[in-house]
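Enquirer: Have a look at the structure that comes next, please.
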Amino acid sequence: MADNSKTRVVVGMSGGVDSSVTALLLKEQGYDVIGIFMKNWDDTDENGVCTATEDYKDVAKVADQIGIPYYSVNFEKEYWDRVFEYFLAEYRLGRTPNPDVMCNKEIKFKAFLDYAMQLGADYVATGHYAQVETDENGVVHMLRGIDNNKDQTYFLSQLSQAQLAKTMFPLGGMEKSEVRAIAERAGLATAKKKDSTGVCFIGEKNFKEFLSNYLPAKKGNMVTEDGEIKGQHDGLMYYTIGQRQGLGIGGGGKTQEPWFVIGKDLTTNTLYVGQGFHHEKLYATHLEASEVHFTVDTPMPKEFDCTAKFRYRQADIPVHVSLSEDGTKATVTFKEPARAVTPGQAVVFYDGMECLGGGLIDRAYQDEKELQYV
């Protein structure tokens, strides 16, 4: 068996079951393990998460149980500057951002990775459900986690070769149920703790209320394509394309079907609504993306076929990708029209099990017509 005792791995510990088991497995494999809790949000704010203190206590309990040193590091400034400001800027543009993608790129695998290297780390490890494999040429490939329901490569799609080469994902080859079972067998303090949901580091608070602390909401009309006013919206930033909940308008209309958000117009502060889950305005034939990035350094061909997803836990769909000359922009054409393609979200490319990378969706089109700004 390899002697791992000289290899230092710094584990990002959140106080959840996944990162707890990550630390346990590495410790059992003989690595020199250090646990680090990242404090990325000021929870003294009256609307902030009040769970950071509890989470850190859980990290301390687990670290003591498995016998590893642990520390807390404060990345509030980095998080605010690199993730939260971006998040607000996207909402101001009427888009729906994905802060988790940015948080992984800028905090967990940049600020945290840099900090870990200062502690003499050879690798960092997290509880993400993803896998890394190095080929015979030393190129690191990121593969989906085998638990289809938990695979998190969508959120890791902006990571670089340099970041992946220094990263371990011990849970990537496991099902979530196995991870829970390991935690319970080991009697870890977090074994029965429920998974966190909600925005990266902001937790599960009322999102609408939270956002209104930072961005002024401006009410306006909810209008059909024919110009009929159906009601008032609370502020365009609170709505996303394809959304049904929270509109406060029943069936009626021509078809009695539920109403969905089909577009926003920032200039007139109008929210467009249409009836039916399969409303034609919700279907795009292609999208344009920017900030396109691939996990391997080898240049990609300018045109290629692969599969893609443009939201977490969505099944992949077959697409054709055309890259710009410099490779940072892409036109992604779907083999069949796709529903509720949302500007601000990530589009992520796959080749079988491998996550190739991705970009941020700027615009969605139905044939030649731009959608969502009806």
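The first residue you see is number 1, and the count goes up from there.
Just so you know, glycine gets a Cβ as well, placed from its N, Cα and C.
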Enquirer: Out of G127, G138, G145, G172, which one does Swiss-Prot list together with G12, M13, S14, G15, G16, V17, D18, S19, M38 for ATP?
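Expert: Record check against Swiss-Prot: ATP site with G12, M13, S14, G15, G16, V17, D18, S19, M38, extra candidate from G127, G138, G145, G172 is G127.
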Enquirer: Can you tell me the CA-to-CA distance separating D18 (ATP binding site) and H128 (site 'Interaction with tRNA'), as a whole number of Å?
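Expert: H128 (site 'Interaction with tRNA') has its Cα 8 Å from the Cα of D18 (ATP binding site).
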Enquirer: To the nearest whole angstrom, what is the C-alpha distance linking Q345 (site 'Interaction with tRNA') and C103 (active site, nucleophile)?
Expert: 14
Enquirer: What three-state secondary structure does DSSP assign to M38 (ATP binding site)?
Expert: strand
Enquirer: Could you state the whole-number distance in Å separating the C-alpha atoms of M38 (ATP binding site) and H128 (site 'Interaction with tRNA')?
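Expert: Here the two Cα atoms lie 15 Å apart.
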